[in-house]
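Q: Input: one structure, supplied below.
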Amino acid sequence: MTSSETGTDPAPALQVHGELLPRFEEILTPEALGFVATLAERFGSRRDELLQARVDRYAAGRPGDHLAFREDTAAVRDDPAWRVAPPAPGLEDRRAEMTGPTTRKMVVNALNSGARAWMADFEDATAPTWFNVVDGQLNLYDAIRGQVDFTDERGKRYEVGAETPTIMVRPRGWHLDEAHLTLRQAQGTERAVPGSLVDFGLYLFHNAAALIAKGAGPYFYLPKLESHLEARLWNDVFTAAQELLGIPYGTIRATCLIETTPAAFEMEEILYELRDHSSGLNAGRWDYIFSMIKNFAEDADHVLPDRSQVTMTSPFMAAYADLLVKTCHARGAHAIGGMAAFVPSRSNPDATTAALAKTTADKSREAGLGFDGSWVAHPALVQTCLDAFVAVLGDRPNQLERQRPGVSVTRKDLVDVSTTGGEVTVDGLRTNVRISLEYLSAWVGGAGAVAIDNLMEDAATVEISRMQVWHWLHHRVRTADGTVVTEELVRRILAEVVDTLAADADEPARGRLDAAREVFEQTCLVEEWPQFFTGYAYGHFLVEQSLIEQGLAEQGRA
Ligand SMILES: CC(=O)SCCNC(=O)CCNC(=O)[C@H](O)C(C)(C)COP(=O)(O)OP(=O)(O)OC[C@H]1O[C@@H](n2cnc3c(N)ncnc32)[C@H](O)[C@@H]1OP(=O)(O)O
Ligand SMILES: O=CC(=O)O
Ligand SMILES: [Mg+2]
């Protein structure tokens, strides 16, 4: 463990508390840290206020009362004149976007995937260990400079080919801190820097000039926003960052995920706030389902069926997708589809056939709705996605011209889940518990995305499982066979799942399983659910003990 003071006047000082592994100093330069510190100092308190506003909104009134199209921003929605900036270089054609973590092998494989764009993920697909945060930056730094090739421990050579996708980086959401980097406050205390500004700031600082020189630019995805004011904050960060680095206004581009229920009511306002830096909206379906459960946590009428039965054709999800395409195309912005979670399996040809067929169905549906492109989680699915969009787009790079005048989406369409159909089953409950335990075990070990039952699981999908169990338990839901979901039942299933998983586990894996169980219990089997499991899990399992003692680790707040 090292601790060094960095930063040069007039930039504020930043303390580094994480281990300085080989080459980390290439990313954690005094200048780069000074840049992040400046952003944190200028924007940290606004970020805190916006996080508090989230908590206040949940707390005020009856469940869902806060979800409505805003009156105070009606002028933005009613003004037909404004448009977002035209697509930036490399972002005209986004018919297939690969996503994934920023480990070195994944970086090379993603760059060779044949996708038009690659979303390099520090968010849902990454457990933000100090290593993953800095190593991911190093891998991107190398990739942009054409020096990411390597040979793995088995002697397999990884080399990037000639044609590579446009890179888009997804920083952590506003809610997570980076405990290994702290900023000294005026009163002499230290406080952790927002993880979002670390991921964004380090990437931009090191790579903006190189990306611009290559004819592309620094492009981002923005996760988990809950209001247009949070988008305004990002826009102000972009403006300040461009000024600090001396790059033209509007060079940075960001696609905002619409993956919370409150944000669905502010799609137009979010685009408007980001309009000079916008590259569209994405339908982040998994966090969206999670957000729906959270926003109606106290409402027994909003209980959703088993996770597998909530799909993009569920009426409330279909309404959200329709509104997103309509909103984007009215403003000249790309509408990007979400993640079909089916992944192929090398050892199971039937699972691969099923994954390809289901992905075709999902991407064809999205192309038909008017989306301009979509996400896939695995390189073997890129061609499937391309084919589905080529069938609709032909030679056109996108279908921005396609308007959806017939679409009219009301508040009720967005929040009414009564027509979802399906049922809650004991099997669904057991699956939620098992997937949570398996995934959380991987997460505390540093892996943010894993395949379980031939499905891609990441922080967003597992948040649904965790929060669904909480919801069913809180409302003592009766399952299809008449069983009532009680704490005793959930604890019994939890114990059985842990026993089964422990039977095949070595000692380190048992340690991770214990940690996973703790995270599950503390975020699901509690009356006051934390907004994200990642806050609790990060604060307890990914951060150095000394930082926890100093109170510098995020502890599961909003
Ligand atoms: C809700 C959301 O936010 S969705 C977006 C965030 N989530 C993601 O991006 C998840 C992305 N997907 C993944 O991480 C992976 O596909 C997983 C973890 C689900 C499965 O990965 P694996 O178990 O390695 O799959 P599998 O063994 O089939 O991989 C085959 C090869 O493809 C590579 N690969 C698989 N997925 C990816 C990916 N997303 N990016 C780059 N390479 C990949 C593997 O590295 C492996 O390479 P190798 O042959 O050189 O060893
Ligand atoms: O980030 C994407 C999602 O579906 O969540
Ligand atoms: Mg998400």
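Heads up, the Cβ atoms here are built off N, Cα and C, so glycines get one too.
Quick paste of what TrEMBL says about this protein:
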DOMAIN    15-57  domain 'Malate synthase N-terminal'
DOMAIN    166-416  domain 'Malate synthase TIM barrel'
ACT_SITE  R170  active site, proton acceptor
DOMAIN    424-539  domain 'Malate synthase C-terminal'
ACT_SITE  D458  active site, proton donor
Q: Count the residues of the domain 'Malate synthase N-terminal' (15-57) that DSSP assigns to helix (H, G, I), to strand (E, B) and to coil, and report the three numbers in that order.
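A: Final tally across the stretch: 32 helix, 2 strand, 9 coil.
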Q: In Å, rounded, how far does the Cα of R170 (active site, proton acceptor) sit from the Cα of D458 (active site, proton donor)?
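A: A Cα-Cα distance of 14 Å.
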Q: Could you put numbers on the helix, strand and coil content of the domain 'Malate synthase C-terminal' (424-539), residue by residue per DSSP?
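A: Its residues divide into 77 helix, 8 strand, 31 coil.
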Q: When DSSP is mapped onto helix/strand/coil, what comes out for the residue listed as 'active site, proton acceptor'?
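A: Once the DSSP labels are grouped into three classes, the residue listed as 'active site, proton acceptor' ends up as strand.
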Q: Across all chains shown, how many C-beta atoms besides its own are within 10 angstroms of the C-beta of the residue listed as 'active site, proton acceptor'?
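A: The residue listed as 'active site, proton acceptor' is surrounded by 26 other Cβ atoms within 10 Å.
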Q: In this predicted model, what is the average pLDDT of the domain 'Malate synthase C-terminal' (424-539)?
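A: That region's mean pLDDT is 97.
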